[in-house]
Amino acid sequence: MRTPRFRVQAKNVFLTYPNCSIPKEHLLSFIQTLSLPSNPKFIKICRELHQNGEPHLHALIQFEGKITITNNRLFDCVHPSCSTNFHPNIQGAKSSSDVKSYLDKDGDTVEWGQFQIDGRSARGGQQSANDAYAKALNSGSKSEALNVIRELVPKDFVLQFHNLNSNLDRIFQEPPAPYVSPFPCSSFDQVPDELEEWVADNVRDSAARPWRPNSIVIEGDSRTGKTIWARSLGPHNYLCGHLDLSPKVFNNDAWYNVIDDVDPHYLKHFKEFMGSQRDWQSNTKYGKPVQIKGGIPTIFLCNPGPTSSYKEFLDEEKQEALKAWALKNAIFITLTEPLYSGSNQSQSQTIQEASHPA
């Protein structure tokens, strides 16, 4: 009887080298140097130990186009140390996603190129999608989760990308990086007693903080050290020029807020901030409402003038009721001198110019 001629036609090829001690990095280099009918787009090598301790190597190769293999010795590889020849089993891979998942299960892998999504899975069905999303949630980061969904559930990746992107932002939300003050608090050696007392009473962690702490409005000329001092007191949210309450900027676990150079005429959530109110929502222009835990004081920083000063704003005739409320929820201080002495002036001014001129 005539022996069937060896022939494999496929765009994706799966190789298995049984009882193979070749380093996986060497096999990857070997495949990259082969003269093949089509250029590889992606190669992944996996080293797997069977129960008897013998190593096997598996390889997935994705090509630009379908290839025909008639030489069953095409992928034979010689061990770099002992000249032993290793011959693989060669077969077409119906689902690259399933093969890649199999290679990834033990984690001892090396790869080259960009994995090509094929959208075919032998498992299929709802359970496969559930498994893919479970793997995405366990991936540890938004970018890794998106890669998992792109590979395993490409239809959802294309059709639901906007929702996925938004949901994963919230799931893998990272608090803003903590601010590091360029000066220790001791650099500010001309802080009025009233300011020091306010800090001692209101800028505390959640366990020691009053239930409804008082806020403070600090008005003064530029380069008096207001911003640097206010930001040196502890973990805080810094909102300058406009309010951004997105999780990327605003941290619900901060001890206090600093609102710097925001015209009080256009300050959204005036009472929520000044009154240290708890559990309130902010509607965003292009997203879902943001839930603010609140209950922390706010330092309002401003310069004199009709579009900056909170005092001038509250002295307007139409703000009479708001002024009466504000005086019960905040103290107002006007600085006439810098918060630092002459010995600290040069360094403080340099940092102030680099950060914010208020």
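Cβ atoms here come from the backbone N, Cα and C positions, even for glycine.
When Asp104, Asp106, Asp118 are compared with the divalent metal cation site residues Glu48, His56, His58 in Swiss-Prot, the one appearing in that site is Asp106.
In terms of DSSP helix, strand and coil, the motif 'RCR-1' (14-17) has 0 helix, 4 strand, 0 coil. Put plainly, the binding-site residues Arg223, Lys226 were compared by Cβ crowding within 10 Å, and the winner is Lys226. Secondary structure of the region 'Binding to RBR1' (142-152), assigned with DSSP and counted as helix (H, G, I), strand (E, B) and coil, comes to 11 helix, 0 strand, 0 coil. The residues of the domain 'CRESS-DNA virus Rep endonuclease' (7-115), classed with DSSP into helix (H, G, I), strand (E, B) and coil, number 19 helix, 48 strand, 42 coil.
The Cβ of Thr224 (ATP binding site) has 24 neighbouring Cβ atoms from other residues within 10 Å, across all protein chains displayed.
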